[in-house]
């Protein structure tokens, strides 16, 4: 035969997502769609959503790592928003970066202004020295 006709049909290669090609967990396709629909620029290049997804994944990993370190090793509790919020405020760089960000269900940070604290009197100082 001359090679015409049906030979073993070509199988289609399994599709790979852009996230798996980049080695990311965050969805590159969704980030690309949001960049296009958000009117941030007239055109969006192919590398921009990959880079943005990688940055978002890195920041998320850093935040979760800080919150995870805050948990005691003995307990098997989940990472909650108040713990995440406290961990962010204790970290200097992330606090500077995310200073104006509100975390849902994060609670409030314990902070008492020095003006509101009780004043130390002379009698309390003298009783402690005796």
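Positions of Cβ are set from backbone N, Cα and C atoms, glycine also.
Annotated region 'Disordered' per Swiss-Prot: 1-22, in sequence order.
Marked as N-acetylserine by Swiss-Prot on the basis of similarity to another entry: 2.
Marked as phosphoserine by Swiss-Prot on the basis of similarity to another entry: 2.
Taken from Swiss-Prot, the feature N6-acetyllysine covers 6.
What Swiss-Prot lists as N6-(2-hydroxyisobutyryl)lysine is 6 (among others), and the listing cites similarity to another entry.
Residues or ranges marked as compositional bias 'Basic residues' in Swiss-Prot: 7-19.
Following the DSSP three-state reduction, the secondary structure of residue 10 (N6-succinyllysine) is coil. Just so you know, the Cβ of residue 10 (N6-succinyllysine) picks up 6 other Cβ atoms within 10 Å once every protein chain is counted. Under the heading N6-succinyllysine, Swiss-Prot lists 10 (among others), citing similarity to another entry as support.
Swiss-Prot lists 10 with the feature N6-lactoyllysine.
Residues or ranges marked as N6-(2-hydroxyisobutyryl)lysine in Swiss-Prot (evidence: similarity to another entry): 10 (among others).
Annotated ubiquitin cross-link per Swiss-Prot: 14 (among others), in sequence order, evidence recorded as similarity to another entry. Other C-beta atoms found within 10 angstroms of the C-beta of residue 14 (ubiquitin cross-link) number 5, with every protein chain shown included.
The feature ubiquitin cross-link is assigned by Swiss-Prot to 16 (among others), with similarity to another entry given as support. Cβ neighbour count for residue 16 (ubiquitin cross-link): 8 (other Cβ atoms within 10 Å of its Cβ, all protein chains included). Under the DSSP three-state reduction, residue 16 (ubiquitin cross-link) is assigned to coil, being neither helix nor strand.
Of all Cβ atoms in the protein chains displayed, 9 besides its own lie within 10 Å of the Cβ of residue 37 (N6-(2-hydroxyisobutyryl)lysine). Look at residue 37 (N6-(2-hydroxyisobutyryl)lysine): DSSP puts it in a helix. According to Swiss-Prot, the feature N6-(2-hydroxyisobutyryl)lysine maps to 37 (among others).
Swiss-Prot lists 76 (among others) with the feature N6-(2-hydroxyisobutyryl)lysine, giving similarity to another entry as the kind of evidence. All protein chains shown were included, and the count of other CB atoms within 10 Å of the CB of residue 76 (N6-(2-hydroxyisobutyryl)lysine) stands at 7. Following the DSSP three-state reduction, the secondary structure of residue 76 (N6-(2-hydroxyisobutyryl)lysine) is coil.
The N6-(2-hydroxyisobutyryl)lysine annotation in Swiss-Prot covers 96 (among others). On its own chain, residue 96 (N6-(2-hydroxyisobutyryl)lysine) has no residue at least 6 apart in sequence with a Cβ closer than 8 Å to its own Cβ.
Look at Swiss-Prot and you will find 119 (among others) tagged as N6-(2-hydroxyisobutyryl)lysine, backed by similarity to another entry. In the three-state DSSP scheme, residue 119 (N6-(2-hydroxyisobutyryl)lysine) falls into the coil class.
Taken from Swiss-Prot, the feature N6-glutaryllysine covers 119 (among others). Spatially close to residue 119 (N6-(2-hydroxyisobutyryl)lysine) yet at least six residues away along the chain is no residue at all, judged by Cβ distances under 8 angstroms.
The local packing around residue 120 (ubiquitin cross-link), expressed as other Cβ atoms within 10 Å of its Cβ over all shown chains, amounts to 9.
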